[in-house]
Structure formats: structure tokens, C-alpha cells
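If you check Swiss-Prot, you get these features:
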DOMAIN    6-91  domain 'Phosphagen kinase N-terminal'
BINDING   GLY64, VAL65, GLY66, ILE67, TYR68, GLU225, CYS271, GLU314  substrate binding site
DOMAIN    119-356  domain 'Phosphagen kinase C-terminal'
BINDING   122-126, HIS185, ARG229, 280-284, 309-314  ATP binding site
Amino acid sequence: MVDAAVLAKLEEGYAKLAASDSKSLLKKYLTKEVFDNLKNKVTPTFKSTLLDVIQSGLENHDSGVGIYAPDAEAYTVFADLFDPIIEDYHGGFKKTDKHPASNFGDVSTFGNVDPTNEYVISTRVRCGRSMQGYPFNPCLTEAQYKEMESKVSSTLSGLEGELKGKFYPLTGMEKAVQQQLIDDHFLFKEGDRFLQAANACRFWPSGRGIYHNDAKTFLVWCNEEDHLRIISMQQGGDLGQIYKRLVTAVNEIEKRVPFSHDDRLGFLTFCPTNLGTTIRASVHIKVPKLASNKAKLEEVAAKYNLQVRGTRGEHTEAEGGVYDISNKRRMGLTEFEAVKEMYDGITELIKLEKSL
């Protein structure tokens, strides 16, 4: 049963959202009918309610999406809301569709997107993973956070070769270490208001940590937005090298930590925008000519399913004509195909910038 106080909060939040001019996918798909159908449902294991799913979007009317999954079962229990949002965001991934089996393809296919080193400042490929047997952020206890951190820390300490490095827990971190990680742009902060409203930041900084290799080209975030964010990056445009490093790491970690996977949705994550491959392949790129013609930039981006963000990521501006550009689609295609969309799109953008 859903608590009366929760229901009251839902009704009030829904009324405000319905009356707002919010452009979020939540507002678009949370019709009165869907709302009434879901407001009394709870997930079987962790007893998550519709409020847990939508409260970030209820509080932040400027959300792009506005919903999160408090636990894996939420994707099924609240499917009437998740499915249309997933379909809208992931370019027509319908509720009858099934995400393909994981396939990283031939890692030697990709070369350098910018061999002359004129446009691409840095390249990064990341994926998200959830550990089997644990819910997502809002349902985790402090003990679970700590237990997960120790599992992750011991798993990563077994990595060798290029991936060998050190794990830094956020709890009790020395000031000098903290400053170094900030300078390297590695340190994640307590979540923004979108994550705060989704209850993704409880017991902070318990159970949170950062691992990086000695060369600072491989990074793992433990219990930021997802249980694990696995990141490979470096200066320049050598996507091939960066992708290969990521794939090696994911395969190594998966041998030791079982990941949550769903036959239909692929790898499960806290935010529905990251489902499926969970892959986000991005570049920081200077395209001053295209930057002065934003419409053209957006047009090419749309054609190749690319997402254009400001220099410092979501909800930021482009500084000095530098954009963060990545693949937008993560579902209904393989990991290899997701990275290839970005590779082809960036290649095209550079060609266009040169011709202007």
C-alpha cells in the first residue's frame, strides 16, 4: 500500500507539473490516466513508489527527462511511464523491442578522428554498470554503500598493466589528494539538484570512491550516479586506443563483479537515458566556424544522432567555441554501433568545419 502522505505529495506535485510549461519527457508522458494507474503501485522487493520514480522531475520543471529508477523492478512496475520515455529518448526503441546482446566489435576498427590534432582536444568513452543484488541509489543503505565500495576497491586493485592504479575513497580523503583530483577533473561532487531530488546522494560520502590508473587515462567512479562508471580518456582524438582500453577494463571487471542486465533493456542504470549499451563516447572539440552557425551544427548532430553539450557537460555553455559532443543513442544498437555513430558524426563535423 502507498502511504497517504506519499499519495498527497504525488497529487500535489502532479497538479503543479500539469499546470507548468515544463518541456520534460515526464510531463509529456505522465497523463492523468497513467498517473492514476501507477500512483498506488510499489515495487515488490524495495517497495519503491511512483514518487521515488518522478520526484526529481516534479521538483525540477526544467528537467529534460525527469525520471529515475529507484530499483531494477521499477522499470517493469512503472513500465507505462518508462516505456514511452525510453522510446522517445532512444530514437524509437519500442516496448516490443529487445536490446541486442552486448557486442564491442573489433576494437581495432577505429583510428584517430583528428590525425592532424587541430580540432579534437580530448576524447572519452564511458559506460555505466550496476552490481547485481543491489538496488539503485535511493534504496541503498549506508552499510550497502560501504560493502559495495570495498568490493569495487578490491576488484580494481587486481587490475594489471596499463589499468594498474589506485583507489581513493571519498571518505577521509586528504586535502592534497582531493585538490589533485579536482585539478585533474576526476573528482565528482555531491550530485546536482536533479540527483539530490531523486534521493541519489544519501549518506554522502560513504561508499563513494575514485580509481585511476597511473597514466590518468582510465578512471572508475564508485557510487556516483550509478554503482560504477567506467571511463577511458586521453588528450587528442585517438578513439581506437581509448575504446580498446575501455573494453579491456569492462571485460576484466566483469569477471569479478556480476552486472545487472535485463533481456529487453540491456545493462540497467539509474537513469533511463543510459540503459542498453550505457555507452557515451564523447569529444571536446573546437569548431569555431560551426559554432557561429549553431543551426548547422545542430542539423549535422541530429543527422548522426549526436548530442551537443556545453564544455563542462550537461546544463553548461560552450566556452571558447569548445563543445562536448557525444552519441545520443544507447539502446537498440550494440556498443560498437554506438561508438561508430559518434566516430562517423565527428568525422563529418570536422570535414564540414574544414570546408567552411
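Our numbering is plain: 1 for the first residue shown, then up by one each step along the chain.
Each Cβ is built from the backbone N, Cα and C atoms, and glycine gets one as well.
It is ARG229 that, of the binding-site residues ARG229, ARG309, has its Cβ surrounded by the most other Cβ atoms within 10 Å. Secondary structure of the domain 'Phosphagen kinase N-terminal' (6-91), assigned with DSSP and counted as helix (H, G, I), strand (E, B) and coil, comes to 51 helix, 2 strand, 33 coil. Cβ neighbour count for SER122 (ATP binding site) (all protein chains, 10 Å cutoff from its Cβ): 17. When the binding-site residues VAL125, GLU225 are compared by the number of other CB atoms within 10 angstroms of each CB, GLU225 has the fewest. A 10 Å cutoff on Cβ-Cβ distances gives ILE67 (substrate binding site) a total of 28 other Cβ atoms nearby, all chains included. Looking only at the binding-site residues SER122, VAL125, ARG229, SER282, ARG309, the one with its C-alpha closest to GLY66 (substrate binding site) is ARG309. Candidate binding-site residues: GLY64, GLY66. Fewest other C-beta atoms within 10 angstroms, GLY64.
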